[in-house]
Amino acid sequence: MSNKLVLLSIVALTFACLALAYEPAPIQDFCVADPNSSATLKVNGVACKNPMQVKAEDFFFSGLHLKGNTSNAVGSRVTPVFAAQLPGLNTLGISMVRIDYAPWGINPPHTHPRATEILTVLEGTLQVGFVSSNPDNRFISKVLQKGDVFVFPVGLVHFQRNVGHGNAVAIAALSSQNPGAITIANAVFGSNPPIPSDILAKAFQVDSSVVAQLQAKF
């Protein structure tokens, strides 16, 4: 019995040491993404640039002052500043976007699987909202004016719509350098290869012909 207690104590101590050894925060000042590197050791999917070759430009991005082209089906344009656009963001767990909206344009329902989003309205009036997870599926929505801030919890379906009389602009920060985006309509009706139409027809309780029309559209 005493031997078993000793063994259990050793195992528990081992796991405790492993837990203490775990470091959730970055253990270097930065890891500038170097997508063209041939190095096999990668952090967050990309190699780190040699720290001695890092320059100010690696931490710099210019362009958020430029209006995005909203001449598209949804009437909005997202300009991202992720690690792909700003290599110095790699491993830092933060990014941002500019979103432009034409009158009554929408940023359609979507999710960010790896990030919470906090949005600030710079110009115009936006209706924003998100839906909580099953089983409640609560719809939480508010109309925002210039200077208002709203947060979308990580992973939840959310949207914005311009309900003002002119163009609208927002800036959003996200808690990942690569937050990802899953636009619901595109993912469901525009997947490659397509989700079988009978599955979608049963899920949405509509005729298969409706599903076929939507899949052709996306």
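Cβ coordinates are placed from backbone N, Cα and C, and glycine is handled just like the others.
Worth saying up front: this structure is predicted, and the values here are computed from it rather than measured.
Per TrEMBL, the feature signal peptide maps to 1-21.
Other C-beta atoms found within 10 angstroms of the C-beta of Cys31 (disulfide bond) number 25, with every protein chain shown included. Feature annotation from TrEMBL assigns disulfide bond to Cys31-Cys48.
Per TrEMBL, domain 'Cupin type-1' is recorded for 62-212.
Here TrEMBL flags Asn107, His112, Glu117 as oxalate binding site. The Cβ of Asn107 (oxalate binding site) has 26 neighbouring Cβ atoms from other residues within 10 Å, across all protein chains displayed.
For His110, His112, Glu117, His158, the entry in TrEMBL reads Mn(2+) binding site. Using a 10 Å Cβ-Cβ cutoff, His110 (Mn(2+) binding site) registers 18 neighbours.
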Exercise. Pull out the recorded positions from the set Cys31, Cys48, His158 whose C-alpha sits within 10 Å of the C-alpha of His112 (oxalate binding site).
Key: His158
Quiz item: Setting His110, His112, Glu117, His158 aside, what same-chain residues sit with their Cβ within 8 Å of the center of the Cβ atoms that define the Mn(2+) site, listed in sequence order?
Solution: Thr111, Ala115, Phe130, Phe152, Leu156, Val157, Pro179, Ala181
Self-check item: Candidates Asn107, His110, His158 (binding-site residues) - the one closest to Cys48 (disulfide bond) by CA
Solution: His110
Self-check item: Pairwise CA distance, Glu117 (oxalate binding site) versus Cys31 (disulfide bond), rounded so that it is a whole Å
Solution: 23
